[in-house]
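Trainee: Sharing a structure with you now.
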Amino acid sequence: MTEITPQDAASPLVGVLALQGGVREHVHALEAAGARTTLVRRAAELDALDGLVLPGGESTTIDKLMRLYGIAEPLRAKIAEGFPVYGSCAGMILLAERITDPALDAAGEPQQTLGGLDIVVRRNAFGRQRESFETSLPFTGLQSLPSRDPAAHTENVHAVFIRAPWVEKVGSSVQVLAQVPAGDAAAGAESGAADSVARIVAVRSGKLLATSFHPEVTGERRIHELFIQMIRGDA
Ligand SMILES: NC(=O)CC[C@H](N)C(=O)O
């Protein structure tokens, strides 16, 4: 069912892919940031949109359902034409050109991605013991947002990680927006590597934005505002 919210008609219409995962939270965050929203389950629903959010959840399930419902191919084609998409967590995995450790289905077939974002991601990268954590991260590129605190020296974002991927490699077209610094106590880890090396957790390339973490669950609105500015061509 399509739900259009009564925002200003000039507000961009942003879809949230509603096949699996944390859909509601993105709808609320987008609306708080000034967008109109609609839930997307079918390829025909893509055409009316100004942008799309791929939520967190389980990337293997979302991948399977996107292919089953025939939405993967048309979405891939739109992304190649410059359609704005923001992916959080599983959504970041779906935008990645490559996964270091793709899950295999019962037939031994690796999970697929939409691609478009020239990054390599590692799933569940922060380890099992501390599979969820929260931390505060400096985030690049929020300077022009309406909700920005003009008195703030650094633009820190509250970031919630839930079985999150990190970005292992970025192509030359990709801008790194945030990293978990080496030695971050919250990231801690079993994944010893997180202690000794900074890990990339937010990136942008053209009209594609991806975060390993979930701004939509904390009341953090600046990432969604940034995405709306990207849609409008203001960022
Ligand atoms: N919170 C999330 O979206 C977790 C992502 C999940 N680990 C995956 O691989 O899809």
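A Cβ is built for glycine as well, from the same backbone N, Cα and C atoms used for every other residue.
No curator has checked TrEMBL annotations; they are predicted automatically.
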Trainee: Quick check: of ARG98, ARG122, ARG123, ARG199, which does TrEMBL put in the same L-glutamine site as GLY57, GLU58, SER59, ILE162, ARG163?
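Mentor: Of ARG98, ARG122, ARG123, ARG199, ARG123 joins GLY57, GLU58, SER59, ILE162, ARG163 in the L-glutamine site that TrEMBL records.
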Trainee: Using DSSP, would you call ILE162 (L-glutamine binding site) helix, strand or coil?
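Mentor: It is in a strand.
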Trainee: Measure the Cβ-based neighbour count of CYS89 (active site, nucleophile), defined as the other Cβ atoms within 10 Å of its Cβ.
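Mentor: By my count, 29.
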Trainee: Starting from the Cβ centroid of GLY57, GLU58, SER59, ARG123, ILE162, ARG163, which together make up the recorded L-glutamine site, report each further residue of the same chain whose Cβ lies within 8 Å of that point, ordered by sequence.
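Mentor: Not counting the recorded site residues, we get GLY21, GLY56, CYS89, ALA90, ILE93, ASN124, ALA164, PRO165.
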Trainee: How far apart, in Å, are the two Cα atoms that lie farthest from each other among GLY57, GLU58, SER59, ARG123, ILE162, ARG163, the residues recorded as binding L-glutamine?
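Mentor: Comparing all Cα pairs, the maximum is 13 Å.
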Trainee: Sequence gap of 6 or more, Cβ distance under 8 Å: name the residues on the same chain that satisfy this around HIS214 (active site, charge relay system), in order along the sequence.
Mentor: GLY22, GLU25, GLY56, SER88, CYS89, ALA159, VAL160, PHE161, ILE162
Trainee: Tell me, if you would, which residue among SER59, ARG123, ARG163 (binding-site residues) has the fewest other CB atoms within 10 Å in the structure shown?
Mentor: ARG163
